[in-house]
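Features of the protein shown, as given by TrEMBL:
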BINDING   Arg7, His8, Gly9, Glu10, Thr11, Ala12, Trp13, Asn14, Arg58, Arg111, Arg112  substrate binding site
ACT_SITE  His8  active site, tele-phosphohistidine intermediate
ACT_SITE  Glu85  active site, proton donor/acceptor
Amino acid sequence: MRLLLVRHGETAWNRAGRVQGWAPVGLTERGREQAERVGDHLAGAYDLTTVHGSDLRRARQTAAVLAAALDVSDGRLHTHPEWRERDFGVYQGLTDEEVLDADPDLVDRYRRGEVPPDEGPPSGESPRTFRERVLTGLRTVTDGDDRTRVVVTHNNPIVVVLSHVSGRSVQAGFDDFDVPNGSLSVVEWDATTETGGVAAVGLTEFE
């Protein structure tokens, strides 16, 4: 089956470089335009009858724009907490610079890939817990027939899925995959064998 992964459109916190996590941040006007662009592309390229996504505000707003473009009714617009962004705990709302000031050692170890999988930010999710949650979401959405599905989610969940499908570590995935706001990534996935491949990453220009 084909899985279409859409990152939500731009938010004010994206523009400001703030860690969003689970914060109820909405789309900017540019973010809505990004959602409309990818929605128009999906409507012309695929026969989609449902839209899946994270239950966080910015993803729900993006999914609603896609659903309108695809003529998908509200009853076929499904939200899943498993597809939320990672919970960054006490760092939510801070800029990257503020996080670095608050805990330079942790940031340095993250950059070097030396953080143990069960160590997360204070009050936040560990890498292991987050990855397992997202892969549960992947299995939930891809269970059933082989129809193409679209999921509206966030940067970190998309990188987790792309890394899993391509056999990379998540750390390598963050080095290799660029997933801008309002972008489309495409995965070919066999839910029975849990194998597949990455067909496209971070598309923002559509014919």
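From the backbone N, Cα and C atoms, a Cβ is placed for every residue, glycine too.
Please treat TrEMBL annotations as automatic predictions, because they have not gone through curation.
Projection of TrEMBL feature records onto the structure.
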residue	record	DSSP (3 states)
Arg7	substrate binding site	strand
Trp13	substrate binding site	helix
Arg58	substrate binding site	helix
Glu85	active site, proton donor/acceptor	coil
Arg112	substrate binding site	coil
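Around Trp13 (substrate binding site), the C-beta neighbours below 8 angstroms that are at least 6 residues distant in the chain are Val19, Gln20, Ala23, Val25, Gly93. Between the recorded positions His8, Arg58, Arg112, His8 has the most other Cβ atoms inside 10 Å of its own Cβ, all protein chains included. The Cβ of Thr11 (substrate binding site) lies under 8 Å from the Cβ of Gln20, Val25, Gly26, Leu27, Thr28, Gly31, Arg58, Asn181, each of these being in the same chain and 6 or more residues away along the sequence. Applying an 8 A CB threshold to same-chain residues 6+ apart, the list for Gly9 (substrate binding site) reads Leu27, Thr28, Arg30, Gly31, Arg32, Glu33, Gln34, Ala35, Arg58, Gln61, Thr62, Val65, Asn181, Gly182.
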